[in-house]
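The structure under discussion appears below in the form of structure tokens.
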Amino acid sequence: RQNFIHLCNPHLEKMKEDILYHFALGTGTHDFPTLFGDVKFVCVGGSPSRMKAFIAYIAEELGLGSPGCDYPNICAGTDRYAMYKVGPVLSVSHGMGIPSISIMLHELIKLLYHAKCSDITIIRIGTSGGIGLEPGSVVITRQSVDATFKPQLEQVVLGKTVIRSTNLDEQLAKELMQCSKEIGQFHTVIGNTMCTLDFYEGQGRLDGAICLYDEEEKLQYLKNAYESGVRNIEMESSVFAAMCNLSGVKAAVVCVTLLNRLEGDQISSPHDVLVEYQQRPQKLVGYFIKKSLGKV
């Protein structure tokens with residue numbers, strides 16, 4: 001049975017046209033089924049340049065492109081997000097933090113719905129701070145937790161607090177873990193990911209413009225996080241998990257750790273090392289896509 005996108009919004013059916021403003025796309029100006037109807041895999045990440053690099057990488061891996069081939073930005077009419085497509089793969093940037101990825105996901109989910117896509121898998125690939133892991137380790141998220149280690153997204157809607165689940169697809173996480181074992185190139189774990197509202201105080205850093213706690217308090221907080229099952233920290237996974245759950249979309253988060261937060265706050269690895277680290281999630285997800293399409 002094909003699984004189609006589920007929209008939790010009855011008002012959309014009454015609209016003559018749906019303008020996806022932040023993508024510079026609309027149902028009145030673009031033929032969504034023709035443009036996107038064959039999409040099966042959507043990969044999202046913070047940086048536009050990283051998502052362009054990913055589409056070039058996956059195109060070559062799937063034999064759908066050649067080295068040096070240029071891929072046009074589908075959202076060239078705006079500077080908010082970037083979107084690239086090759087074959088059944090869509091690559092979209094989402095910026096930094098919950099508000100930015102939330103806006104992107106609202107429009108992405110509607111895009112996939114209008115395109116009549118089915119059996120979609122959405123994977124966030126990104127970077128993060130690790131807890132108790134060597135830099136360069138890859139974390140596949142079991143569930144996203146908030147800054148109090150609860151697996152939930154707390155959101156205020158019409159003045160009322162709404163709590164949404166942030167669990168991710170368990171079977172998909174296991175499949176990705178198996179892919180990492182088959183690749184055998186880097187250390188990978190399945191663990192909880194803490195999603196915060198801020199890069200500095202929200203993540204217990206000592207190097208922000210404001211810090212009203214000491215190093216001992218910071219380390220105790222991070223150790224508590226580790227004991228609760230948290231293995232990395234980033235700023236997008238909670239709303240990503242919640243919105244994919246509500247839309248009936250199979251989803252995963254795959255992030256590389258750039259440092260061990262128990263040992264420091266600032267990223268000090270050389271640029272070339274960081275570039276190689278950042279390629280690890282795309283290698284893992286690229287292998288998963290190839291395997292899913294029977295190309296391994």
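A Cβ is built for glycine as well, from the same backbone N, Cα and C atoms used for every other residue.
Per TrEMBL, the features are:
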- 40-289: domain 'Nucleoside phosphorylase' (DOMAIN)
- ARG80, ARG124, ILE125, GLY126, THR127: phosphate binding site (BINDING)
- GLN203, ARG205: substrate binding site (BINDING)
Among ARG124, ARG205 [binding-site residues], residue with fewest other Cβ within 10 Å:
ARG205
Rounded inter-Cα distance in Å - ARG80 (phosphate binding site), GLN203 (substrate binding site):
26
Can you give the largest Cα to Cα distance in Å, as a whole number, for the residues ARG80, ARG124, ILE125, GLY126, THR127 that bind phosphate in the record?
20
List every residue in the same chain as ILE125 (phosphate binding site), at least 6 positions away in sequence, whose Cβ is under 8 Å from its Cβ.
CYS43, VAL44, GLY45, PHE54, VAL254, CYS255, PRO281, GLN282, VAL285
For GLN203 (substrate binding site), what residues in its own chain, 6 or more apart in sequence, show a Cβ-Cβ distance under 8 Å?
GLY129, THR196, ILE233, ARG261
To the nearest whole angstrom, state the Cα distance for the pair ARG205 (substrate binding site) and THR127 (phosphate binding site).
17
Indicate the candidate from ARG80, GLY126, THR127 with the smallest number of other Cβ atoms within 10 Å of its Cβ, considering only these binding-site residues.
ARG80
